[in-house]
Amino acid sequence: MWPNISAAPFLLTGFPGLEAAHHWISIPFFAVYVSVLLGNGTLLYLIKDDHSLHEPMYYFLAMLAGTDLMVTLTTMPTVMGVLWMNHREMSHGACFLQAYIIHSLSVVESGILLAMAYDRFIAIHNPLRYTSILTNIRVVMLGMGAFMRGFISIIPVILRLFSFPYCHSHVLSHAFCLHQEVMKLACADITFNRLYPVILVYLTVFLDSLIILFSYILILKTVMGIASGEERTKALNTCISHIGCVLIFYVTVIGLSFIHRFGKNVPSVVHIIMSYVYFLFPPLMNPIIYSIKTKQIQYGILRLLSKDRFGS
């Protein structure tokens, strides 16, 4: 049975007890959102515009930047709407769509980080065949596989949200919709919606992290077999940026999961802050990490700045 269109909308929440300060709180949030858009947008532009960056490693980086942009553009309107205008109402359909995109992109990002680990493994373990193994077609297939896995795997639980009656409180604890929050408001058997995401996380995010760890063990084994110390350092340096992005993503995932699972006595503001850290910190830091640690990106930024400066 599909929900009644006239059903009461969900109510989003900013920072409980700090409503009077929402306008001030919105300033750092807006600054972070703008930084995320500029940072990831710049990466996408550089990779598209600079032919020296037309390599598998940077194609995967472009996918990561695109995913971060989509996450940001999905949460930004409702978060800023609550903080700026106290616009809290959100229809069921819009809420479910937002939850679908948010959770799908989390799985997608994990898949892209896995593909990037594969890219680094091939580059170091089999450098002479790197371009013949990671052809443009194969890179596109890996990217499409990551996106399809994310957006298809989330469909079952989101579809079930449409069939639930919602007779409990309609107040959500964040300024965006999350599946685990919405399902708790349903007056129905939510056993499937409780179990499926746990199984999905183990089969995607958790399994991806194990494969990434295993790939770096193999990379380290290969690097230790290189005779030249300078070559060993050079090989490891090509992995630093990816390792940084992996750590930021999975540490925030583990932190958020830990808080949701075991933090029943933790103040609600801690849950809220951890959620914002999870959705904002990786998209903010990923372009910074690659800009600091990747010389080709640095050269691209310098060329872009000099082009704007001299108008050529």
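Including glycine, each Cβ sits where the backbone N, Cα and C put it.
Those TrEMBL annotations? Automatic predictions, nothing curated.
Listed features, source TrEMBL:
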type: DOMAIN; residues: 39-290; note: domain 'G-protein coupled receptors family 1 profile'
type: TRANSMEM; residues: 30-47; note: transmembrane segment
type: TRANSMEM; residues: 59-85; note: transmembrane segment
type: TRANSMEM; residues: 97-118; note: transmembrane segment
type: TRANSMEM; residues: 139-162; note: transmembrane segment
type: TRANSMEM; residues: 199-219; note: transmembrane segment
type: TRANSMEM; residues: 240-260; note: transmembrane segment
type: TRANSMEM; residues: 266-285; note: transmembrane segment
Can you find at least 3 Cβ pairs under 8 Å between the transmembrane segment (240-260) and the transmembrane segment (30-47), where each pair is 6 or more residues apart in sequence?
no
Give residue numbers and ranges for long-range contacts of the transmembrane segment (30-47): same chain, 6 or more residues beyond its ends, CB-CB under 8 A.
53-54, 58-59, 61-62, 65-66, 68-69, 72-73, 76, 79-80, 280, 283-284, 286-288, 290-291, 297, 300-301, 304
